[in-house]
Amino acid sequence: MKKIDVKILDPRIGHEFPLPAYATPGSAGLDLRACLDEAVELAPGQTTLLPTGLAIHIADASLAAVILPRSGLGHKHGVVLGNLVGLIDSDYQGQLMVSVWNRSQTVFTVEPGERIAQMVFVPVVQAEFNLVEAFDSSERGEGGFGHSGRQ
Ligand SMILES: O=c1ccn([C@H]2C[C@H](O)[C@@H](COP(=O)(O)OP(=O)(O)OP(=O)(O)O)O2)c(=O)[nH]1
Ligand SMILES: [Mg+2]
């Protein structure tokens, strides 16, 4: 398994609030917890930035992490991410933050230590642009946005 440096910014991490860990051998995501002193009430439509109490340094440009909603929170409670998806750059060393958006019609209360989102490490290819006047032809060409129909 790949080793990623992690810094604990809040002493409760690793004790009161467990360090993110894969829940099962096949898990893709590591749940991130809201590192809060007290519960936070999110009004309908409200977005707020929540700390996780930890920082990572991926330190490898061929990797990144994405922060994704948890499906139960998103589907059952309408609690998703204010940025839809969070992208963690390999050179970011600050605290992992989660933008939580209550897109439901009811107040949602985030409890201290609650698992609010999940983080997935993903491979990245950095590309360099090669300037051309014309592309080699392809089957699709410029067709897009549904040009092939619906069925
Ligand atoms: O949900 C998120 C999204 C981003 N970040 C951190 C890590 C990431 O590397 C950095 C910058 O994110 P991004 O590039 O998406 O934001 P930006 O608005 O372009 O900010 P910047 O100008 O700092 O790149 O913020 C988080 O902690 N949580
Ligand atoms: Mg950026």
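Including glycine, each Cβ sits where the backbone N, Cα and C put it.
As given in TrEMBL:
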- 16-149: domain 'dUTPase-like' (DOMAIN)
- Arg70, Ser71, Gly72, Asn83, Leu87, Ile88, Asp89: substrate binding site (BINDING)
Open item on the list: List, in residue order, those binding-site residues out of Arg70, Ser71, Gly72, Leu87, Ile88, Asp89 with a Cβ under 6 Å from any atom belonging to ligand 1.
Closed with: Leu87, Ile88, Asp89
Open item on the list: These are the binding-site residues: Arg70, Gly72, Asn83, Leu87, Asp89. Which one scores highest on other Cβ atoms within 10 Å?
Closed with: Arg70
TODO: Measure the Cβ-based neighbour count of Ser71 (substrate binding site), defined as the other Cβ atoms within 10 Å of its Cβ.
DONE: 11
- [ ] Tell me the residue counts in helix, strand and coil for the domain 'dUTPase-like' (16-149), as DSSP assigns them.
- [x] 7 helix, 52 strand, 75 coil
Task: Recorded substrate binding residues, Arg70, Ser71, Gly72, Asn83, Leu87, Ile88, Asp89 - maximal Cα separation rounded to whole Å - done: 26
